Structures are given as C-alpha cells and as structure tokens.
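Visitor: Before we start, here is the structure in question, set down as structure tokens.
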C-alpha cells in the first residue's frame, strides 16, 4: 500500500518524501477541506454531495427491493430472467463461502507457533557498496542474542506472511475476466479473515484490498454499488495486508490476462527485486531509489504498435512499517535523488515499485474508498458535536484503530447513513481520506511489493513465496 507523494527540494536536489498522514486532497469525493482557526468546516456544496450520495444509495436499495417483489410475483411455472440472474451469483457465492469455511487457519496448521521463514537474503545484506554494512552479523553472538529476543515479533510477521501467501495462491486460482471487483475483494477478504482467524484488533486485515485498474495505480477498492467488472484487457494491482497484533504484511502483485502486458509487469517485478537486493542495514534510501529507477527504465513495452519506456511513478514510494502503523515515517523512493537517511537495525520496510506507460506521476481521481485515522491525533480528544460522528468514531476505534479501512467494511458492521459523519471526521482531521491515485487515462500501471525484516543477523524477505 503506497504512501503519499514526494516533493522536489527548492534547488532540485534530494526529493523529500511527504508522509501520507499529511496528504490532504482537494474535494470530499476528491476530499476537499475548508480550514478555519480552530476547526475544520465543511463547504455547503460538499454537504449536498454527501446527502445526495446517501439518497442515491437509499434509492438503489429501494429499487432492488421492488425488483425482488416483482420477481416474486412472476407466477408459478414462469421463468423470470431477473430472478434467475440473481440466483446464479448467490449460489456461486455460497459455494465459495463453503470452500473458505473448510480452510484451516494458519495457527492451526502450525500448532507449535513456528511459522515458515521468509527468504533470508544474506549475501546481499552483508555486502554494502562501500563496506558500510558489517560482515559478521550472522556469526556475532551479541547480534544472535538480540535477534532471539525479538523472536515473538518475527513469528507474528511470519504468521501474517504465511496467510498472505496462501490467500494469494487461492486468489490466483479463480480470478478471471467477467468477475466484479466487489466479488474479487469480498472473496479475497473472506479468505484472509478465515486464514488469519480474525479477532478484533488482535488479528485481521491490515488495510482494504486494493484492486486498482490500468491507469489507476493505487487506493482503489469498490464502494457499495460499484458495478465495475474485470476485463481481459485490464492490468489489475492486487494490494492487501494482513496483521497479527498490529505486525502487518504489506505485499502486492499484478494480475493481467493479455500477454502484451508481460514486459510491463516483468519490468516492475525486476525493479522491486532490485530494490530488495539493494536494501539493508546502513543502506541509504536514495541508493535504493537509484537502482530501482535504473532497472525499471531499462525496459520497454510495445502496446498497439507504439513503444514506451517503463517509467517509475516518482511520487509513489515504499515505506517503513511499525506496529498498527502502515506508514511509519521513512519513505523508500523509486527514483534517484531521494533522502540520504539510512535503513536501521530492527526496522521493517515495504519495498514496492510502480511502473507506468504514462507520465510516471499520479494525482487524486475518482471516488474515495480508503480512509485511515490520523496517527498523530490518535490519542487526542477532539470535540464532536454530532452524535452520529461520535458513534462512527467509536466504531472506528473499536474495529480499526489506526489501521486503514474502507466504506465496505463500515457497511459490513451494519452502520448506515454514515457519510455525513465520516465527512465530519475528515473535516476535523481525525480521519484522513486517501483517494485513488491515477496517472493519465489510457496508460497502464503495474506494481509489485514485499515486506522485509531488518533483523540483527539477516535481512528476511518475510512475504516472499514460490510465486514472487
């Protein structure tokens, strides 16, 4: 899951990454805010938009009920096309729900609590370009003891990672053109909840399933009523997270069906692997970005008779990870000229790269679905006048805390008519919206991502699997 944009320095030097927590887009649908001295006040037209959205949702539900009634009145022996069309997807849903219910949770698969390791990439970890990385970490007794003291932490990450691997293997077995994006997300998330044995904030989903299509690079997941269908010619980025005690795995892959996109997808995968190879304790973040750009731009893709150099999306980055915090402050650029800040021992990173046939720069677009509580204000008591806002905030605190969430998940908890309350929380800065991030229309984007543990003795690519 990518962080917010980075900005160039005044002299065009090192790019300074901006934390996602500071990212505040332009409208509520694109999340606009009007700031006053001591509070956030909503623009009147945005109130109207939220009310209109509530009305449209209510109208859609009413229409669905009316259609159901008409189907019921079709009479005996009369085939009703609408009823038959509704029954088929429902039967299919019941079938995959039963299939998932039969799956064995990860902790039951490994009852001794020792979960599979990721891939230890020691040779790359121990060989810094200028000798800055110590060469005795694997054999140093002090480092071994320190590593062992963190074993419970590493096991939480490994349990999350094993769930991620099994979920994505299952997803790849059935995802295909013709499926709605809502069906894809619901089936993936149901599987994740089952395998990680969801239990409040103790274990569960770390952030909404991203399934961004084509020119949209990140932060798209369908809201209720979204009828978007996956097509043969789509390039879909599947980005989802799973956590145990807030120790989360952030890993992503790209799905496509038309082989003409193979060069684009492979270019980005190679760039991600190059970034992982370069990463390590005492490695500068800018060095990772430089190697990622070098590898990615060495690839070209031909689409419909036109050649494109694969461009890294310069205002998307990898990032550090902390407990219950998807973006912990450090950003890992995917272009050269980034920060001189170094990676440190015991840090966790999501190394992710995005490639594009467009401009290589994303902007806010489409309807917002992703939200996350402002981590900096998580413990502050900001006065709320609307009772609905207070109730929604309590629901967020109880179910998501500082983890990202989406509107579908609020719907799933039985909350209704909450858009005005959600907007109120956004206006006051308590919750931050994260709209879809898109390059120019008509272009295509791809993404690959892994989570790595900077253990004292070794660099462990904990989310690595046989697939990627």
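Cβ coordinates are placed from backbone N, Cα and C, and glycine is handled just like the others.
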Visitor: Among 226, 234, 250, which residue does Swiss-Prot annotate as binding divalent metal cation 2 together with 319, 352, 449?
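Guide: The candidate from 226, 234, 250 that Swiss-Prot ties to divalent metal cation 2 along with 319, 352, 449 is 250.
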Visitor: Of 239, 258, 439, which one shares the divalent metal cation 1 site with 250, 449 in Swiss-Prot?
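Guide: Candidate listed by Swiss-Prot for the same site: 239.
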Visitor: Can you identify, from 63-87, 88-112, 113-137, the stretch that Swiss-Prot calls region 'Disordered'?
Guide: 63-87
Visitor: Given the recorded divalent metal cation 1 site (239, 250, 449), which additional residues of the same chain have their Cβ within 8 Å of the Cβ centre, ordered by sequence?
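Guide: Going along the sequence, the neighbours appear as 1, 2, 210, 240, 241, 251, 252, 350, 352, 447, 451.
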Visitor: What is the number of other Cβ atoms found within 10 Å of the Cβ of residue 250 (divalent metal cation 1 binding site)?
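Guide: Neighbour count, Cβ to Cβ under the 10 Å cut-off: 29.
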Visitor: Compute the C-alpha separation of residue 239 (divalent metal cation 1 binding site) from residue 319 (divalent metal cation 2 binding site), stating it in Å without decimals.
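Guide: It is 14 Å, counting Cα to Cα.
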Visitor: Enter the number of other CB atoms within 10 angstroms of the CB of residue 449 (divalent metal cation 1 binding site).
Guide: 27
Visitor: C-alpha of residue 449 (divalent metal cation 1 binding site) to C-alpha of residue 319 (divalent metal cation 2 binding site): distance in Å?
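Guide: On Cα coordinates alone, these residues lie 11 Å apart.
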Visitor: List the other residues in this chain whose Cβ sits within 8 Å of the Cβ centroid of the divalent metal cation 2 site residues 250, 319, 352, 449, in sequence order.
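Guide: Neighbours found: 1, 2, 239, 251, 252, 318, 349, 350, 351, 450, 451.
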Visitor: How big is the Cα-to-Cα gap, in Å, between residue 352 (divalent metal cation 2 binding site) and residue 250 (divalent metal cation 1 binding site)?
Guide: 9
